[in-house]
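S.K.: Below you will find the structure I want to go over with you.
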Amino acid sequence: MCLRSIFQIASRRFRTTLVNPVMSSKPNVVFVLGGPGAGKGTQCERIVKDFGYIHLSAGELLRAERNKPNSEVGALIEKHITEGTIVPVKITCGLLAQAMVETMAVDANKNNFLVDGFPRNKDNLDGWNSEMGDKSNVRFVLFFDCDEQVCMNRCLARGQAGSGRSDDNVDSLKKRIQTYHDSTMPIIDYYNQQKLVRQINAGRPVDEVCLVLIIVLYTYYCHFTV
Ligand SMILES: Nc1ncnc2c1ncn2[C@@H]1O[C@H](COP(=O)(O)OP(=O)(O)OP(=O)(O)O)[C@@H](O)[C@H]1O
Ligand SMILES: Nc1ccn([C@H]2C[C@H](O)[C@@H](COP(=O)(O)O)O2)c(=O)n1
C-alpha cells in the first residue's frame, strides 16, 4: 500500500472518529516546536489539509502584523526577527488569541489548533499560562528534532529560493539557533517533564516525517476511543 493511501485512510478515520471525542468549547491546542527550518510549517500544512486542524504560526502572525502600515509594534517585531530574539508575549499571545477567537466565531467546531513556533521562551510560556491557561486545553507538544546544520541549510535554501524573509541569512540564523538552544529547549524540557512531548525525527525526507507524524497523532487520539 502506498504512503498516500495510508495517509488518506488514517486521516479519514482520524477526522470521523478521533477528533470528535476531544471536542470542547475551549480551543484544543497542540504546540509545535523545533529549530528554525526543522519543518514545522511544512508538516503543519499537511496536517491541516488532511486532518482538519487550524494552523496558526506565531512567526507568520508576527510578520503579518509587522507588515501593516499603521502597526504600532511593527518596528519592534522586525528588530526581534532580524536579531533572532523573541517578541514580548503580550504581542504574540494577543495575536494568537485573536486568531483563535476569529476562527471559532465563524465556526465553533473549528477549535483544534496547531500553534506553531510558540511558546518559544519563558516569557511566552508564562504569558500564555496567565492569559490562556484556563481558556484553552493544551493537549501536547510536537517537537521536530533536527540537526542544527540541516536546519541552517534548509533556511538558507529557502532564502535563496526567494522566501523574502529578513531572517533567512547566516547572521540571523546563527542568532536564531542560539536563541533556540538557550530559550526554547528549556521549554521543551519543561513539557517533557510533564510527559507532554511527542518527539519526531525531522531530519528525514518530508514524506517520511509526515508518516511518523500521522502515527504520533493517531496514537495520541486512540487514547480517547478506548
Ligand atoms: N523534511 C524535510 N526535508 C527537506 N526539506 C524540508 C523538510 N521539511 C521542510 N523542508 C524545507 O525546509 C525549509 C524550512 O521548512 P519550514 O518552513 O517548514 O520550517 P520551519 O520549522 O517552519 O521554519 P521556521 O521556524 O524558520 O519558520 C522549507 O524550504 C521547506 O520546504
Ligand atoms: N513565539 C514567537 C515566534 C516567532 N517569533 C519571531 C522571532 C522568530 O525568529 C521569527 C520567525 O518565527 P518562525 O517563522 O521561525 O516561527 O518570529 C517570536 O518572537 N516569538
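Backbone N, Cα and C define each Cβ position, glycine as well.
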S.K.: From 26-56, 57-87, 150-180, which range did TrEMBL mark with region 'NMPbind'?
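M.R.: Per TrEMBL, the stretch marked region 'NMPbind' is 57-87.
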S.K.: Reported as an integer number of Å, what is the Cα distance between G37 (ATP binding site) and G117 (ribonucleoside 5'-phosphate binding site)?
M.R.: 11
S.K.: Taking just the CA atoms, what is the gap between G117 (ribonucleoside 5'-phosphate binding site) and K40 (ATP binding site) in Å?
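M.R.: That separation, Cα to Cα, works out to 8 Å.
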S.K.: On a simple 10 Å Cβ count over all chains shown, which one of the binding-site residues T42, N124 is most densely packed?
M.R.: N124
S.K.: Using other CB atoms within 10 angstroms as the count, which residue among the binding-site residues G37, G39, G41, G117, P119 scores least?
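M.R.: It is G41 that, of the binding-site residues G37, G39, G41, G117, P119, has the fewest other Cβ atoms within 10 Å.
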